[in-house]
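Heads up: the structure comes next, in structure tokens.
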Amino acid sequence: MTTIKTSNLGFPRLGRKREWKKAIENYWAHKIDKAELDQTLTDLHKENLLLQKNYHLDSIPVGDFSLYDHILDTSLLFNIIPERFQGREVNDDLLFDIARGNKEHVASALIKWFNTNYHYIVPEWDNVEPKVEKNTLLERFKYAQSINVNAHPVIVGPITFVKLSKGGHQSFEEKVETLLPLYKEVLQSLVDAGAEYIQIDEPILVTDDSESYEDITRKAYDYFANEGLGKYLVIQTYFERVHLKFLSSLPVGGLGLDLVHDNGYNLKQIEDGDFDQSKALYAGIIDGRNVWAADIEAKKQLIETLQQHTQQLVIQPSSSLLHVPVSLDDETLDESIAEGLSFATEKLDELDALRRLFNDNDLSKYEHYKARYERFQSQSFKNLEYDFESVPTHRKSPFAKRKQLQNQRLNLPDLPTTTIGSFPQTREIRKFRADWKNNRITDAEYQEFLQNEIARWIKIQEDIGLDVLVHGEFERNDMVEFFGEKLQGFLVTKFGWVQSYGSRAVKPPVIYGDVKWTAPLTVKETVYAQSLTDKPVKGMLTGPVTILNWSFERVDVPRKVVQDQIALAIDEEVLALEEAGIKVIQVDEPALREGLPLRSEYHEQYLEDAVHSFKLATSSVHDETQIHTHMCYSQFGQIIHAIHDLDADVISIETSRSHGDLIQDFEDINYDLGIGLGVYDIHSPRIPTEEEITTAINRSLQQIDRSLFWVNPDCGLKTRKENEVKDALTVLVNAVKKKRQESESTTA
């Protein structure tokens, strides 16, 4: 058998304890200067590279590290600058402004990266002049060489980059052709600098419509081959299966395939002879998206199968390790569960164990991981019985009747205003929560602090003039982690952070066992907030689909079963809130769209299961109780009918960064439930103008019945500063008041 090699597609940027996030946010807050930021990030990049080197990888990725987002990096590399930001020097401050917006200009759109919880900044092609502006990829490659790291450069490929872009008058094919000479310039510079191969990521080739652009894909890679670059290129794909016969026909040196999330299709195509054995096979055999340890015996058998179909086998994670935490080393977890976990460094060590086994006949690491896996699997985490059939999955009455009863009960004005749920998580709030968790303050002291914050923000909302209030979620570190801490069957780590967008990090809980509600989760804070005001206060919950999608899910039972277990737990909390007198309850599902499978053949079942779980969680209440939900970051065209099927009394949707595109989705459906299309972007510190809010409202009312329309920001306000929140919400309420006055004068 031939020697196998090991490689990696990408590594977490955050650092073990979020050093990356803290440095960038300190720079934004003017607490450090650019020189200190650069030094901190250089040190972290070096640490990441050397850490990977410790696991004896034959090649280590460079170009995956970024100050914000690798797609935005590619935009700046090729001078694809949004028109409103043009005319400035291409540097890191420009990058941050495109991503976050500034006082003069809105940020670029923020979209989910395929079906993950990572987000990328959408490239904009309007009136651009593509050119290689600053070859930062070459700089990073040379840096890796300077510290004696055997690295391979990583760049997103032209097909994926253009497909994820928007704007411009050129066709898709014309944009690709425009970029090819620029890609050639960058790729040639890397080869000239000594790159043995270049990882060119084309995950778009796993999607449904990839066959419709096979011609331009072939044209692109034929071009690179004719320029003498083909043999240096390894096309990496991940998250799903590919059309392997086509991909193998491209004139490149190697192909990377996901052999974890492909539902077995990629392996079958290999076994059917569709892989060109003259190429290197980069086999994604270790799960890059979940945190469970590999069944190393099964991986050994898979490698033995793959060796029959290629002379050049490289084993790697199934995708970039961007989607998992850095290391288990700093965790203090129950060993019985920890033995079943594997973060980024552990996944690299699993690869090293397999490399040693096959190349050196060294069984030590292999036997270690095999024993750990067998001990973990010997435990039983399936020990609860569920009565799914006894819980209703439909509201008692149709929406029209519910709306009438809710209008009488709530007595809200025309164009009611609200927020999505969270208010700023200040340093003081985080400190109090940390002090409480570490027993540095008493329960009573912590509760007093929370009540003071809730009372302060109830008054702020009343003073601004909002119609439906929220308690602010000051007791919550994260909208999923909070529930993971309180529901049976979840494990919450201490340092299990992953990047969501920009400097935003989340700490997904790990679902290891059966899920159960054991006590009220949110009732105390919500009831206290309601006691302070005559206006309705929303109960704020996270929905079952989002909790599952934003957790590391267990793999020993079907996904639908876990999702419905969570739904029953949320149903218990919904009923507890209703019984406590809460009239409006929001069950957020921001991640419903992101979990949609990349292949359409799986869409119907996914959406059917998602709708069922949401209704399982929300249908037990009385007609008078108003159920809200919220979604964000998404392209909704594919799921608009499923959104309607949720039968939520009101849905709020992020739309501001789509620059109005989302409203087009409502032209094909007569949406007859309550809806709020977010009227300003909370991801940017920029304060909207009344004119912008009014324009957003007017545009929405062209498609949405006024009696159904709500006005709200597009997401929670957790990451904003207090003055930004107050100023923006004041603008929003003033704009709505003027719209109401216009209506009154028209009907007078």
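Glycine is treated like the rest: Cβ placed from N, Cα and C.
Among the candidates Glu367, Glu473, Glu475, Glu481, the residue that Swiss-Prot names alongside Ile420, Gly421, Ser422, Asp588 for the L-methionine site is Glu473. Here Swiss-Prot has Arg18, Glu19, Trp20, Lys21, Lys112, Trp550 binding 5-methyltetrahydropteroyltri-L-glutamate, and the candidate from Glu594, Glu601, Glu604 in that same listed site is Glu594. Binding-site extent for L-homocysteine: residues Ile420, Gly421, Ser422, Glu473, Asp588, maximum pairwise Cα distance 13 Å (rounded to the nearest whole number). Cβ atoms within 8 Å of the centroid of the Cβ atoms of Ile420, Gly421, Ser422, Glu473, Asp588 (the L-methionine site) belong to the same-chain residues Thr419, Val470, Met479, Met540, Gln586, His630, Gly716, Lys718, site residues excluded. If you take the CA of Glu19 (5-methyltetrahydropteroyltri-L-glutamate binding site) and look 10 A around it, you hit none of the recorded positions from Ile420, Ser422, Cys632, His683. Listed binding-site residues: Arg18, Lys21, Lys112, His630; maximum Cβ neighbour count within 10 Å falls on His630.
Reduced to three states, the DSSP call for Lys112 (5-methyltetrahydropteroyltri-L-glutamate binding site) is strand.
Taking only the Cα positions, the spacing between Gly421 (L-methionine binding site) and His630 (Zn(2+) binding site) is 10 angstrom. Within 10 Å of the Cα of Asp588 (L-methionine binding site), the following recorded positions from the list Trp20, His630, Glu654, His683 place their own Cα: His630. The recorded positions shown are Ser422, Glu654, His683, Cys715; of these, the one with its CA atom nearest the CA of Arg18 (5-methyltetrahydropteroyltri-L-glutamate binding site) is His683. Glu473 (L-methionine binding site) has His630 as its nearest neighbour among the recorded positions Lys112, Glu594, His630, Glu654, His683, going by CA to CA distance.
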